[in-house]
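Per TrEMBL, these features apply:
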- Cys121: active site, cysteine persulfide intermediate (ACT_SITE)
- Phe260, Cys261, Lys262, Ser263, Gly264, Arg265: Mo-bis(molybdopterin guanine dinucleotide) binding site (BINDING)
Amino acid sequence: MNNILSEEVLNVTNFTTSRQLTLWKRENLQHPQRDDVAEEVPVALVYNGISHVVMMASPKDLTHFAMGFSLSEGIIESPRDIFGMDVVPSCNGLEVQIELSSRRFMGLKERRRALAGRTGCGVCGVEQLNDIGKPVSPLPFSQIFNLGNLDRALKHLNDFQPTGKLTGCTHAAAWVMPFGDLAGGHEDVGRHVALDKLLGRRAVEGERWRQGAVLVSSRASYEMVQKSAMCGVEILFAVSAATTLAVEVAERCNLTLVGFCKSGRATVYTHPQRLIAE
């Protein structure tokens, strides 16, 4: 069988393919030239030998993605519920083979659903409308964030988008420390996948990343809010807007949701008591 992943893609840092393109500018069709295009591949998450979900994603940082997805979807309660992971090529993409504890695997089988994500959509594949939205325990109010430190984080968000710089095709999610430094970040063609990668990384980092907030380069949809809340994140900053359902979910679970984050300004949708401006 033909593998849709070329060998060079699996061995480069930025996971792009150089392709022949034709550029159009002001009624002038330019000569063909080569440019970088971001890779997007099917990634199957396989728990104890059973495929649970296939998501379209950038083919990097996939163990962090698997960890974050497992946490944000309630499949596991902590990283200790996963005993091991391997990323292996398949005939049509990649598989992340996950060894799950017996207790969590039994729970997964009881509520297993068929999902087929499209660039990380968190709703695709749910069987009933009532399945949209998971119960999330109200978050504590355990930290304060100075909005004056947000500019520093925004300035460096692109540092975690090497593929995006080449292609203009990826979303970023980064962890902002209380003083505005970015502890780390991930990118992906799917904004939900980028967030899952970050949440998985945060779980692995443990106590060092307990204080702080999530910053995403995209809009804040309800899935982004719910995934963050499921992983205990109290503050979510988004470069773009929030949806009405995102605001409702954030209000209900005590998450501080901030959109339209630009230099020197932002829109606070919910729970401003965690924020100060100095």
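Placement of Cβ uses the backbone N, Cα and C atoms for every residue, glycine included.
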- Work out the three-state DSSP category of Arg265 (Mo-bis(molybdopterin guanine dinucleotide) binding site). strand
- Sort out the sequence-distant neighbours of Cys261 (Mo-bis(molybdopterin guanine dinucleotide) binding site) for me: same chain, 6+ apart, CB within less than 8 Å of its CB, listed by position. Leu150, Leu154, Leu215, Phe237, Ala238, Val239
- Query: Does anything in the same chain, at least 6 positions from Lys262 (Mo-bis(molybdopterin guanine dinucleotide) binding site), have a Cβ under 8 Å from its Cβ, and if so what?
  - Reply: Leu154, Val239
- Message: What are the sequence-distant neighbours of Arg265 (Mo-bis(molybdopterin guanine dinucleotide) binding site), meaning same chain, six or more residues apart, C-beta distance under 8 angstroms?
- Response: none
- Row Ser263 (Mo-bis(molybdopterin guanine dinucleotide) binding site), column other C-beta within 10 angstroms, all chains, value 9
- Same-chain, non-site residues whose Cβ lies within 8 A of the Phe260, Cys261, Lys262, Ser263, Gly264, Arg265 Cβ center for Mo-bis(molybdopterin guanine dinucleotide) are Leu150, Asp151, Leu154, Ala266
